[in-house]
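Trainee: Pasting the feature list from TrEMBL:
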- A:7-31: transmembrane segment (TRANSMEM)
- A:61-78: transmembrane segment (TRANSMEM)
- A:90-112: transmembrane segment (TRANSMEM)
- A:124-145: transmembrane segment (TRANSMEM)
- A:152-175: transmembrane segment (TRANSMEM)
- A:200-222: transmembrane segment (TRANSMEM)
- A:243-270: transmembrane segment (TRANSMEM)
- A:285-305: transmembrane segment (TRANSMEM)
- A:312-332: transmembrane segment (TRANSMEM)
Amino acid sequence: MNTKYTYPFLSLIALLIIFFFVNISLGSVSIPTQEIFKSLIGDINNASWQYIIQDYRLPKAFTAILVGSGLGISGLLMQTLFRNPLAGPFVLGISSGASLGVALVILGSGLFGGVFASLLISKWSIVIAASLGSFLVLLAVMIVSSRVRDTMAILIIGLMFGSITSAVVSVLSYFSSAEELQQYIFWGFGSLGNLSWNELFIFFLIYLAGILITISSIKGLNTLLLGENYAKSLGLKLKQSRLIIIIATSLLAGTITAFAGPIAFIGLAIPHMTRQVFHTSNHKILLPAVFLFGAIVMLICDSIAQLPTSDYTLPINAITSLVGAPVVIWLLTRKRKMFF
Amino acid sequence: MKNEQQHIVLETKNLSVGYTSKKRANVIADSINIALQKGQLIGLVGANGIGKSTLLRTLTTVQKPLQGDIFINSKSITDYTTVELAKQLSLVLTEQIASKNLSVFELVALGRQPYTNWVGNLSDNDLKIIEQALLHTNIIALRDKKCFELSDGQLQKVMIARALAQDTDLIILDEPTTHLDMYHKAYILKLLQKLAKETGKTILFSSHEIDLAIQLCDTIIVMSSTEVISGSPCQLIANGTFNTLFPEDLIAFDQSTGSFKVKK
């Protein structure tokens with residue numbers, strides 16, 4: 001029954017491998033293709049090339065894979081949970097929650113002052129603040145949405161949370177120094193290339209936890225396709241499943257935002273792009289498909305952001321919006337209805 | 001098949017239903033004592049706003065009873081876990097399913113969820129039961145269609161097949177014939193009657209199609225503002241129960257034809 005998706009899956013895996021190599025081949029320093037393959041097996045003479053590939057481009061490519069697949073999957077989770085094709089980590093205010101957490105740490109640290117500030121501003125406190133912020137905002141959206149049944153209202157509530165957080169961020173920026181502000185704005189551009197192997201490892205562990213939780217709720221996610229009352233009548237523990245899905249989403253979207261900054265549109269667009277190829281709602285098929293699609297699109301976006309052969313790197317957040325927004329518009333105009 | 005000792009699938013004792021708002025109970029119907037026999041088709045009728053939905057919502061544990069107990073197969077529904085209850089009671093609701101991107105087969109297969117493993121893989125037995133559910137509801141030809149391609153009547157059959165696949169003693173349907181044309185109203189209710197007979201399941205549905213219910217049901221539960229009465233259609237006609245259903249200014253029940261007539 002699932003054999004009809006064998007070819008799409010094989011071609012996606014092939015594309016993932018191709019774009020992985022394209023991604024590590026491109027950058028501000030041009031390195032011959034042969035040398036890139038050599039450096040992967042550690043057989044290269046040029047030390048700086050070796051460094052660029054092993055300690056910069058490889059972790060960046062892996063980060064891109066984690067970010068793209070993780071955001072895609074958290075978008076899929078949100079769309080199923082909220083029964084709304086427009087849901088996604090960005091629209092529902094999860095990213096703004098993470099932004100608020102980070103803003104509080106970076107911009108608010110001045111208010112605490114002294115030793116405490118330098119303690120607060122470490123990478124890990126940013127990670128924790130972002131995860132916590134996204135979890136709290138998602139929880140708030142969830143609590144409010146359990147009272148309103150209209151899913152459009154939930155989206156508007158998500159947007160409201162977004163504007164509340166951006167207002168708080170403005171207030172904080174008004175009181176903070178230029179350096180702090182710059183640090184926050186740079187975080188807001190999004191970046192895939194900032195992670196060392198150690199940080200990538202921690203990122204991967206949390207990501208893995210989110211993915212494992214997601215896999216464990218595949219059955220519940222499929223049941224939720226019928227709506228909450230039907231899901232309950234089929235024996236689903238509704239509150240528990242909801243909470244688990246929220247935790248998985250905030251682990252994924254929260255850590256990604258923490259490590260790579262707020263990255264727009266991937267979470268919303270990837271599940272829809274996937275459904276254009278895989279005509280199904282079955283999460284057993286959609287989940288791996290979204291993983292592959294997200295990873296591929298992110299690798300492509302990152303390759304574009306590098307502006308190959310130039311010295312500039314564009315903010316990844318801008319590229320994903322530039323790619324993602326037209327895709328969503330195209331999808332909406334092509335089929336008047338968005339099924340999920 | 002008629003035994004003297006009928007098996008009671010669903011029973012309510014002194015049930016009262018309604019809402020609690022601001023710590024005050026708003027009773028919609030009370031002293032409900034009904035017993036549903038195995039293999040019967042039971043219709044629940046009553047005027048708009050009389051509390052049919054509230055009663056069904058209470059029977060299906062969507063809301064709590066204000067008072068009294070509900071038993072399914074002689075066990076109180078509060079003693080069932082959600083999964084156990086899902087093996088006793090399946091539903092067809094008025095609400096739309098969230099995703100219409102599901103195929104008919106996928107949707108019916110979801111009825112097997114209480115029985116499948118953690119990732120929801122279907123066993124051979126599951127597949128057999130799904131095929132039977134498709135067969136019983138005459139939708140084999142639709143199996144690979146997407147739900148958004150179906151008409152309302154077809155979709156209702158699919159939802160009934162899904163409830164069948166859940167393989168429960170009791171199926172409760174909330175107004176299964178709304179939005180359907182006259183032919184499909186009769187078709188769906190006739191199908192329910194056939195299913196109750198052939199599969200031995202107890203099927204309870206609420207409806208405004210009183211004349212169809214009179215023709216097809218084994219038992220009818222009549223909800224009026226004062227009481228809840230159940231009985232066979234003939235008994236209820238003889239007792240004049242249907243006359244109490246609606247205000248008398250506009251329509252009246254005609255005992256000879258078993259239907260309502262507009263007063264001239």
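The backbone N, Cα and C atoms fix where each Cβ goes, and this holds for glycine too.
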Trainee: Same chain, outside the transmembrane segment (A:7-31) by at least 6, Cβ under 8 Å from its Cβ: which residues?
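Mentor: Same-chain contacts beyond the ends: 39, 48-49, 52-53, 56-58, 60-61, 64-65, 277-278, 288-289, 292-293, 295-296, 299-300, 302-303, 306-313.
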Trainee: Using Cβ distances below 8 Å and needing 3 or more such pairs, separated by at least 6 in sequence, tell me whether the transmembrane segment (A:200-222) contacts the transmembrane segment (A:243-270).
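Mentor: They are in contact.
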Trainee: Can you tell me which of A:61-78, A:90-112, A:285-305 gets the most C-beta pairs within less than 8 Å of the transmembrane segment (A:243-270)?
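Mentor: Most contacts with the transmembrane segment (A:243-270): A:61-78.
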Trainee: Cβ under 8 Å, sequence separation of at least 6 from the ends of the transmembrane segment (A:90-112): give me the contacting residues as numbers and ranges.
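Mentor: That would be 74, 78, 82, 120-121, 125-126, 129-138, 141, 154-155, 158-162, 165-166, 168-169, 172-173, 175-177, 180-181, 183-184, 187-188, 249-250, 253-254, 257-258, 262-265, 267-268.
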Trainee: List, by number or range, the same-chain residues at least 6 past the transmembrane segment (A:61-78) whose CB is under 8 A from its CB atoms?
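Mentor: 16, 20, 23-24, 87-89, 92, 94, 192-193, 195, 200, 203-204, 207, 210-211, 214, 221, 245, 248-249, 252-253, 255-256, 259-260, 263, 266-271, 274, 283, 286-287, 290-299, 301-302.
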